[in-house]
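These notes are about the structure you will find just below.
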Amino acid sequence: MSTFETLIKRGGNEAIKINPPTGADFHITSRGSDWFWTCFCCYLLFGLILTFLMFRKPVNDRFFYLTGIAPNFFMCIAYFTMASNLGWIPVKAKYNHVQTSTQKEHPGYRQIFYSRFVGWFLALPWPIIQICMLAGTPFWQMAFNVCITEFFTVCWLIAACVHSTYKWGYYTIGLGAAIVVSISVMTTSYNLVKQRDNDIRLTFLVFFSIIMFLWIIAYPTCFGITDGGNVLQPDSAGIFYGIIDLILMCFIPTLLVPIANHFGADKLGYHFGPSDAEAVMAPKAPVASPRPAATPNLSKDKKKKSKKSKKSKKSKKSEE
């Protein structure tokens, strides 16, 4: 057997062998891990492209690129962890829909990737920030939307890790938080974007409509039949989650970067001042030196006094 054939046989995805899913009855296989590696490559590719393009821009024009780079790299780390079959815990399923011949208990233990929710916590606020920036949303309202988005992620993380039916309480609270953010954006931000050009308003409506559909319809459905209801196998669940994650936290943030740059920061109402580097490199204006204080001319004063004294003496002599 040639060396090349040996390397080919040794190659491949061995994440499941190196990091076995000990303690989980329902877990991903090498196919699920392969899909996670595919998602990882997508996030990494788009993140690197945006980073390369960012350094071709002036310092003050890079902020929109940062809003697209951040979610891509955060989810890149999350999917690297899941593809390596790490960042998960076994949780006993509440419903006995998925079964295997090797499980010892009914229902069995399902593999729950908490690393996915950590990725959401870091990446999900960025599409919301981008949409708010298109509308010129005030900072305090933007901060409110981000905080409620993080609240949604924490609630669903707890819901995925809870065995009892109380998981649906956290699920409902988290879904309510997503609805609150959607209402906030469609009232405050939409009222602001109506005052802008039709192109910006149309972009806002198209992209946020997609975000709302994925957040309020697709994600709840996915959670209900995967981590919540134990209907789909973890491989199928990974594909379902992966498609939604790619659209929401990879494709949308990446597409919004060139669109926002096309509109321009001034048109969107953002003006970034000169950077510290430019301020240091700029030549300093010459400082006018203060004029010296006028010194009294003592010689002139003495001459004036001598003249006055001579005149007074002459006047006295004439009087005599």
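Just so it is clear, glycine is given a Cβ too, placed from its N, Cα and C backbone atoms.
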Quick check on the record annotations: which of T137, T295 is tagged phosphothreonine by Swiss-Prot? T295
Hey, in Swiss-Prot do S30 and A265 share a topological domain, i.e. the same side of the membrane? no
Phosphoserine according to Swiss-Prot, picked from S101, S299, S306, S312: S299
Can you say which of 63-83, 168-188, 239-259 has the most Cβ pairs under 8 Å with the transmembrane segment (117-137)? 63-83
Grouping DSSP H, G, I as helix and E, B as strand, the residues of the topological domain 'Cytoplasmic' (189-204) number 12 helix, 0 strand, 4 coil
What residues in the same chain, six or more past the boundaries of the topological domain 'Extracellular' (163-167), come closer than 8 Å to it by Cβ-Cβ distance? 91-94, 228
How does the topological domain 'Cytoplasmic' (56-62) divide up by DSSP, counting helix, then strand, then coil residues? 3 helix, 0 strand, 4 coil
